[in-house]
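Record features (TrEMBL):
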type	residues	note
DOMAIN	64-190	domain 'ABC transporter'
Amino acid sequence: MDELEEPTTDPDLLAASREYGPDLVPERALRNAVPAPPARTGDGPVFSFEHVSFGYEADEQVIHDVTFTAGRGERVALVGESGGGKSTLVNLLLGLYRPTGGTLRICGHDIRDLSAAQLRGMVGVVFQEAALFSGTIRENIAYARPDATDEEVAAVARRANADAFIREFPDGYDTVIGERGLRLSGGQKQ
């Protein structure tokens with residue numbers, strides 16, 4: 001079986017995959033996609049950081065020996081000072097970075113054994129601030145794949161429970177949202 005690409009560092013592709021899921025991510029990233037492995041059953045943690053370390057440079061650790069778990073139904077808040085590593089921990093969980101030490105497990109599986117497509121099937125994130133551009137709603141949804149058909153764009157909006165409010169705008173999917181989504185409410189941006 002062919003392996004999937006390593007996690008991407010392309011900011012446009014990352015933004016699109018975070019906001020809209022794998023449905024509008026370019027085909028090259030999904031060409032050999034396989035379903036996520038079955039989650040291990042039982043009372044074990046959904047994810048666990050086991051003595052995880054990470055550094056952008058080999059000799060400079062920004063996260064050192066982090067250990068914590070989160071079980072089913074638990075909510076975990078990452079709170080700390082700016083630059084304290086909160087975003088880095090999330091990026092590790094999403095597979096955007098690889099730990100330089102320790103083990104990160106999702107549903108019992110070492111994250112290093114999961115493909116990018118498998119991770120996307122197992123982990124979802126809602127960011128505090130949505131990445132939006134000044135164009136139309138349609139252009140924002142199809143940002144990672146500008147050739148997406150109207151039906152593909154609408155299907156993604158329906159899955160995100162956004163189609164109904166989008167159609168309420170006089171220009172529907174052709175509504176210009178303004179810089180950083182200025183014309184949308186906080187909930188609509190999400």
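Every residue, even glycine, has its Cβ placed from backbone N, Cα and C.
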Completion exercise
Over the domain 'ABC transporter' (64-190) the mean pLDDT stands at 82
Handout entry: Secondary structure composition of the domain 'ABC transporter' (64-190) [DSSP: H/G/I, E/B, coil]
Key = 49 helix, 17 strand, 61 coil
